[in-house]
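Chemist: First the structure, which I've put down as structure tokens, then a few questions once you've had a look.
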Amino acid sequence: MTYSFKEIFLTLQGEGGQAGRVAVFARFAGCNLWSGREQDRATAACTFCDTDFVGTDGENGGKFTTPAAVVAALDAQWGGIDAAEKSVVFTGGEPLLQLDAPLIAAAKAAGYFIAVESNGTIRAPSGIDWLCISPKGENRVHQTSGQELKLVWPQDNVDPAEFADMAFERFYLQAKDPLDQDPAVRAGHTQRVIDYCLTHPQWRMSVQTHKMVGLK
Ligand SMILES: C[S@@+](CC[C@H](N)C(=O)[O-])C[C@H]1O[C@@H](n2cnc3c(N)ncnc32)[C@H](O)[C@@H]1O
Ligand SMILES: Nc1nc2[nH]cc(C(=O)O)c2c(=O)[nH]1
Ligand code: SF4
Ligand SMILES: [Mg+2]
């Protein structure tokens, strides 16, 4: 198995129930819902992605042929931080196209708390400590349990109630960041999330805090 990463960097988790926590972000290249090319966006299964996950040319990106090599790259970013437990977030792109049992085992053996950000279309392997599922449009959710369901909203034809009975510990709504960065559209999405959470206490608001403070 070759693991392809767009980038690997140290930051604070910006979103969801682990927001504010230091972690190595390991962004896998490639996704099953979009090629990543702008000319394909309009016809893709996921159309609002805010992330470049194409290729291996980002910060500390590359192809790694063994789990041990991936863990060495994670450790290089974690550096000398003194902690009882290290922390990694596998994201992408879609991490569950590549994250497998040997890599999970190697990261765990090296002392990592393992978080994953996934679109939910692929069942997750066991051993993940914090699984965040973020459904996309009409794409069927196959992974219906985890620590958090984080729905980016509003999305056309998507009602949060569709997911409310799934086996997640927490339910978040996160305002869809508009591709054109139009402040009025962004404010409108945020207000929709606020209004929904005010009237549906099962749901909490997740804010993309890293974007507010200039963190990657
Ligand atoms: C880039 S995705 C990668 C992981 C996985 N493919 C997924 O979609 O969950 C990481 C997180 O960013 C969220 N996201 C992507 N585009 C967004 C946008 N325009 N506004 C708000 N959140 C967004 C996703 O829903 C997901 O929770
Ligand atoms: N700081 C920070 N937090 C994040 N949480 C989820 C992210 C992602 O792109 O998966 C992300 C990201 O890209 N940066
Ligand atoms: S599923 Fe995730 S990585 Fe793939 S295009 Fe959508 S938001 Fe981006
Ligand atoms: Mg991001």
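The backbone N, Cα and C atoms fix where each Cβ goes, and this holds for glycine too.
OK, TrEMBL features for this one:
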type	residues	note
BINDING	Leu12, Gln13, Gly14, Arg27, Thr91	substrate binding site
BINDING	Cys31, Cys46, Cys49	[4Fe-4S] cluster binding site
BINDING	Phe48, Cys49, Asp50, Gly93, Ser134, Pro135, Lys136	S-adenosyl-L-methionine binding site
BINDING	Thr51	Mg(2+) binding site
Chemist: Near ligand 4, which of the binding-site residues Thr51, Thr91, Ser134 have CB less than 6 Å from any of its atoms?
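Modeler: By the Cβ criterion, which requires under 6 Å to ligand 4, the hits are Thr51.
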Chemist: Between the Cα atoms of Thr91 (substrate binding site) and Phe48 (S-adenosyl-L-methionine binding site), find the distance and write it as a whole number of Å.
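Modeler: On Cα coordinates alone, these residues lie 16 Å apart.
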Chemist: Could you tell me which of the binding-site residues Gly14, Arg27, Thr91, Ser134 have their C-beta within a distance under 6 angstroms of some atom of ligand 3?
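Modeler: The binding-site residues passing the 6 Å Cβ test: none.
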Chemist: Between Leu12 (substrate binding site) and Pro135 (S-adenosyl-L-methionine binding site), find the distance joining the two CA atoms and give it rounded to the nearest Å.
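Modeler: Leu12 (substrate binding site) and Pro135 (S-adenosyl-L-methionine binding site) have their Cα atoms 23 Å apart.
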Chemist: How long is the line from the C-alpha of Cys49 ([4Fe-4S] cluster binding site) to the C-alpha of Gly93 (S-adenosyl-L-methionine binding site), rounded to the nearest angstrom?
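Modeler: Roughly 9 Å, rounded to the nearest whole number.
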Chemist: Checking the binding-site residues Gln13, Ser134, Lys136, which are within 10 Å of Cys46 ([4Fe-4S] cluster binding site) at the Cα level?
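Modeler: Checking Cα-Cα distances against Cys46 ([4Fe-4S] cluster binding site), the binding-site residues within 10 Å turn out to be Lys136.
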Chemist: Taking Cα atoms as reference points, rank the binding-site residues Gln13, Gly93, Ser134, Pro135, Lys136 by distance from the residue listed as 'Mg(2+) binding site' and give the first.
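Modeler: Looking at Cα distances from the residue listed as 'Mg(2+) binding site', the smallest one goes to Gly93.
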Chemist: Taking the Cβ of Gly14 (substrate binding site) as the centre, how many other Cβ atoms fall within a 10 Å radius?
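Modeler: That number is 21.
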